[in-house]
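Reading through the structure tokens given below for one structure.
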2 protein chains.
Amino acid sequence: MRVKLIGITVALAVAGTAWAATVRDEPIQPLQPAKVTNPGKVELGKKLFFDPRLSRSGFISCNSCHNLSMGGSDNLKTSIGHNWQEGPINSPTVLNSSLAVAQFWDGRAATLKEQAGGPIANPGEMAFTHDLAIDVLQSIPGYVAEFKSVFGSSRIDIDKVTSAIAAFEETLVTPNSAFDKWLQGDDKALNARELAGYKLFKESGCVACHNGPAVGGTSFQKMGVVEPYKTTSTAEGRSAVTGKDEDRFNFKVPTLRNVELTYPYFHDGAAQTLEEAVEIMGRLQLGRTYSKQEIGDIVAFLKTLTGDQPSFIMPLLPPSSNDTPPPQPFAK
Amino acid sequence: MRVKLIGITVALAVAGTAWAATVRDEPIQPLQPAKVTNPGKVELGKKLFFDPRLSRSGFISCNSCHNLSMGGSDNLKTSIGHNWQEGPINSPTVLNSSLAVAQFWDGRAATLKEQAGGPIANPGEMAFTHDLAIDVLQSIPGYVAEFKSVFGSSRIDIDKVTSAIAAFEETLVTPNSAFDKWLQGDDKALNARELAGYKLFKESGCVACHNGPAVGGTSFQKMGVVEPYKTTSTAEGRSAVTGKDEDRFNFKVPTLRNVELTYPYFHDGAAQTLEEAVEIMGRLQLGRTYSKQEIGDIVAFLKTLTGDQPSFIMPLLPPSSNDTPPPQPFAK
């Protein structure tokens, strides 16, 4: 893993390597660094992303389940919500989520902005309401000043809150992976095994769904095409949104960017290792039984998708005032 | 609040102010910036401080209850532990904790290193065991390499873990508060009200306990000297450590550094505001009923004790391996 400071473009001088200006013609494209047009809004969004006062308990923030120290995920099978409720689904990484066709596993939010309001008001997650969250923020002088500076108004509303969080999340891209360097013409960026893994990944059909800059996130697909997927999870997938029976068990194809950091895998978090995930995907989606060697090759390739992780100064949150409603972690 | 980068001394040029080289002779002394002698150990300790894999659930880290975005505390009356257990006591700030005579409200740990092992193995907090935490860390190649680099050995043990966490915590000092600038001779650092508040704080006897560089933390004192303190908390205080009846309800005097950030107050977190805390302390400890004006003066002084908050790049945690025992958030 390498780090970059958000908003700072780092010029990499790679000794002995002449990078081609052109990009290889592959079903996966390199990630581009985020362009920050409104740094004040991103900073505000970062604070909100880390602020547990957006939850009823004062304990759970966006970062609790999309932990930016851990690949933008919580590395749990399913997440922990208010009052230690067991979540119904695996927390998807927030990294590169701006590239997805829609948000949540079932795509029920069209945009990051729309997504950001969901967990705040979900009784099983942050268990707050938008109105109560706004009451809290409006009572905090440091936030009032910052919203005024960013939005030109001291009146905080959920639209501004989710818009700022989305602006921060849009910066959470992870360029400069070894695979991107190879895509950009650096032949030495991948070793023979990684290249063999990519070749197999491409030729055996994984790229049919895992394609584009995010290596996924562009479509909804059925989990269990050739063989049915067996799970104790009650998540229905896309049909919960469309109401159509044929969408049952259709889930958004997850991004494979940084996949070595976002274990465990699948919507139910049932696959603990990448080897297990590759074996199951090959069998269930492609009807193919990969050998141990082949699985190792693909996993070696997948690990080349880990890019520069977002790197930033841990935000300092403006303190509550005497008028701030206290959190209610234990109230029934 | 101002920020500083750990390990970087910032030379402040204050226009129009001639700082005296000497320090005022007061019962409170200025905080000194942390001297980092082993930056690698501090970096390792920072990762461990933020790593929820030190808990049984994989969800709770040191930073959960000593949140460095929020004054090194959780701003809850009492903390949330494994399985959403309600903690018995208010989480004290980790900021400047290296200056305390002992750790925990009852002083049951002599050092930061000793303290750091406590919550990991406390069934009501992180609910793990030292052995299981070491198994997890030892299975993570990134940690093994970093322990080897810092300690010269790949064998991880709880002694090394807590020693690294303590090294990081020792950097969490908050110098350069307005009050420290005044102590160092800058007459303009405090306004008239803040100065009046300090005078009252000193002359009415608060400094008998709240003294030294941390403005507290140097002794154990009875909560409720003149009048008894009424609480539903079952915390016994120092007597739980010494076994002596006369130590009942003796608690470590909390530091007042950054007190505007570390609400709510007292060992039971019962005072939500600084005004409430000052009123109660005056009445119960000193037998003095402060006027509203006097309380406001003291609170104005207390807010001058907010110093430079620790500022650092959010750590990236090394990923688990296939051999890492998965977290058990919901196992009974």
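Just so you know, glycine gets a Cβ as well, placed from its N, Cα and C.
Per TrEMBL, the feature signal peptide maps to B:1-20.
Annotated domain 'Cytochrome c' per TrEMBL: B:40-148 (among others), in sequence order. Confidence for the domain 'Cytochrome c' (B:40-148), expressed as mean pLDDT, is 97.
Feature annotation from TrEMBL assigns heme c 1 binding site to B:C62, B:C65, B:H66, B:H82. Long-range Cβ contacts of B:C65 (heme c 1 binding site) within its own chain (separation 6+, distance under 8 Å): B:S73, B:D74, B:S79, B:I80, B:G87, B:S91, B:P119, B:E125.
What TrEMBL records for B:192-306 (among others) is domain 'Cytochrome c'.
TrEMBL lists B:C206, B:C209, B:H210, B:M281 with the feature heme c 2 binding site. DSSP assigns B:M281 (heme c 2 binding site) to a helix in the three-state reduction.
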Closest of B:C206, B:C209, B:H210 to B:H66 (heme c 1 binding site), Cα positions, binding-site residues only:
B:H210
Taking only the Cα atoms, work out how far B:M281 (heme c 2 binding site) lies from B:C62 (heme c 1 binding site), in Å, as a whole number.
29
Helix, strand or coil at B:C209 (heme c 2 binding site), per DSSP?
coil
CA pair B:C206 (heme c 2 binding site) / B:C62 (heme c 1 binding site), Å rounded to integer, equals 31
For the binding-site residues B:C206, B:C209, B:M281, which one has its C-beta crowded by the most other C-beta atoms within 10 angstroms?
B:C206
Here the binding-site residues are B:H66, B:H82, B:H210; the one whose Cβ sees the most other Cβ atoms within 10 Å is B:H210
Can you tell me the CA-to-CA distance separating B:C209 (heme c 2 binding site) and B:C62 (heme c 1 binding site), as a whole number of Å?
28
